[in-house]
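Asker: I'd like to ask you about the structure that follows.
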C-alpha cells in the first residue's frame, strides 16, 4: 500500500508538472513541450523564462515546507505545530519585507539569510513565551505572535507607500514573476537541506516515545532538537524568501501523510516531500487558470485548503 501510494503521488506530480508547463494564458502545445526548448522556437521564452522557473520553485518549496512541518511536529510532538502556525513564516516575512522596503537594492541572494534570521528570532521568542510543548498553548501563542509580526509588516508597508507594490505582491505568497535568479539561490539550498532531514529519522522516531526514553536509547535530545529545528527554520525561511509566506502546507501535508503512512519518519519524510510538492504545483496551476488573464496568489489557495483543516484539528483535540 505504501509503495502504491508513492507511485500514485509521483505519477500525479509528473502529470501536474506537465499540465503546469502546458496550461496558462498562452497555452503551449503538447508537441512544443518536446521541441521548443532552444532559443528561436516559438514557445521558448514562455517555457524557459516563465513556466519552468516557477515550476521548479513550486516543486522544491512545496517539498521543503512539508518536510519542515514534519520536523517541527516531530520535535515538539505536536500535530498542530507547523512553520506558519508557530509564526516562523510571518517572522521571516517581516525580515524580508523590511529588507525589500528599506534596502530595495539589496541582492536577491541576501534575502534567504535575512528570512532565516527573522524566522529563528520568531521561534526563540515563541519558546520563551510558551514555555511548554502543550499543543493548544503553542498554537495559540504562535497565532498571537503571527498577528504581531503581521502588524509590524503592515506598519512597515504603510510607512513606505512608494515602495509597497513589490512587497504587497510578495506577501500574498506568489510564484508570479519568479525567474532564474530566485531558482539559482533557493534550489541549491533546498537540494542541500532536504537530504539532511533524513538524518533525523531515527532520533525523531525515538523522541515520539518521550524525552526520558529517547535519552535512555542514546538520543541527545537537546542536540537533536536544536539541529532539526535549525534545519526546519532554514527550509522555511528559504521558501519564504523565494515565494513569500505560503500557508498551511507545513500543517496539512504532514498530518495527512502521518494518518496514511504512520509515524515512521523514514517513510513520512519522503512521502510528505512529494505531497507538498504536488500540493503547491496544483495550487499554482489553479491560480493561473481559475480567472485568466488575472492570476490569484498561490498563498490564497493553500490557505483555503489549510484553514478548515486547522480548525478541524483544533476541534478534534479539545
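Cβ coordinates are placed from backbone N, Cα and C, and glycine is handled just like the others.
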Asker: Pick from 205-225, 226-246: which range has transmembrane segment per Swiss-Prot?
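Answerer: Feature transmembrane segment in Swiss-Prot: residues 226-246.
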Asker: I'd like to know whether residue 129 shares a side of the membrane with residue 204 - going by the topological domains in Swiss-Prot.
Answerer: yes
Asker: Count, for each of 106-126, 226-246, 295-315, the Cβ pairs lying under 8 Å from the transmembrane segment (180-200), and report the range with the highest count.
Answerer: 226-246
Asker: Cβ under 8 Å, sequence separation of at least 6 from the ends of the topological domain 'Cytoplasmic' (77-105): give me the contacting residues as numbers and ranges.
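Answerer: For the topological domain 'Cytoplasmic' (77-105), the sequence-distant neighbours (Cβ-Cβ under 8 Å, at least 6 residues beyond its ends) are 65, 68-69, 111, 114-119, 121-123, 126, 133, 135-136, 138-139, 142-143, 145-146, 149-150, 152-153, 156-157, 160, 163-164, 166-167, 170-171, 207-208, 232-233, 236-237, 240-241, 244-248, 250-251, 254-255, 258, 310, 313-314, 317.
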Asker: If I count Cβ-Cβ pairs under 8 A between the transmembrane segment (270-290) and each of 56-76, 138-158, 226-246, which range comes out on top?
Answerer: 56-76
Asker: With Cβ distances under 8 Å as the criterion, find the stretch in 56-76, 106-126, 138-158, 295-315 that has the most pairs with the transmembrane segment (226-246).
Answerer: 56-76
